[in-house]
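Written below as structure tokens is the structure these notes are about.
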Amino acid sequence: DVQMIQSPSSLSASLGDIVTMTCQASQGTSINLNWFQQKPGKAPKLLIYGASILEDGVPSRFSGSRYGTDFTLTISSLEDEDMATYFCLQHSYLPYTFGGGTKLEIKR
């Protein structure tokens, strides 16, 4: 199975900060990767698909990039509403696998 190693598991940042999190695939090429945002009690929301394509309606402060088997989600100019857990999903190789998640908190 392809393992998706996500880091950090949690982070705290201030409003207006630039935040990054990464997922690294343990193996494979041509990995198709999505990023999701999940808030407590809510269904996951697709942010980015194909590693870097922004889903319709998602603010442009979210962006995704890829270098080989390393994938990065960046949030620029952090806002209060961005407090959530973020996770990646690879859906190129069965079984599809998720990263462990990154819990993002806002420093007060």
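Don't overthink the numbers, they just go from 1 along the chain as shown.
Just so it is clear, glycine is given a Cβ too, placed from its N, Cα and C backbone atoms.
Features reported for this protein in Swiss-Prot:
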type	residues	note
REGION	1-23	region 'Framework-1'
DISULFID	CYS23-CYS88	disulfide bond
REGION	24-34	region 'Complementarity-determining-1'
REGION	35-49	region 'Framework-2'
REGION	50-56	region 'Complementarity-determining-2'
REGION	57-88	region 'Framework-3'
REGION	89-97	region 'Complementarity-determining-3'
REGION	98-108	region 'Framework-4'
Residue list, the region 'Complementarity-determining-2' (50-56) vs rest of chain: Cβ under 8 Å, 6 or more residues beyond ends. 31-34, 62-66, 71
Could you give the residue numbers and ranges of same-chain residues that sit at least 6 residues beyond the region 'Framework-4' (98-108) on either side and whose C-beta is under 8 angstroms from one of its C-beta atoms? 4-15, 19, 21, 23, 75, 78, 80, 82-89
Go through 1-23, 24-34, 35-49 and flag the stretch with the largest number of C-beta pairs under 8 Å relative to the region 'Complementarity-determining-3' (89-97). 24-34
Please state whether DSSP places CYS88 (disulfide bond) in a helix, a strand or coil. strand
For the region 'Framework-3' (57-88), the candidate among 1-23, 24-34, 35-49 having the most Cβ pairs under 8 Å is 1-23
Within the same chain, the residues 6 or more beyond the ends of the region 'Framework-2' (35-49) and with Cβ under 8 Å of it are 55, 58, 62-64, 71, 73, 82-89
Secondary structure tally of the region 'Complementarity-determining-2' (50-56) (DSSP, helix then strand then coil): 0 helix, 2 strand, 5 coil
Secondary structure of the region 'Framework-2' (35-49) by DSSP, residue by residue, totals 0 helix, 9 strand, 6 coil
Which residue counts does DSSP give the region 'Framework-1' (1-23) for helix, strand and coil? 0 helix, 13 strand, 10 coil
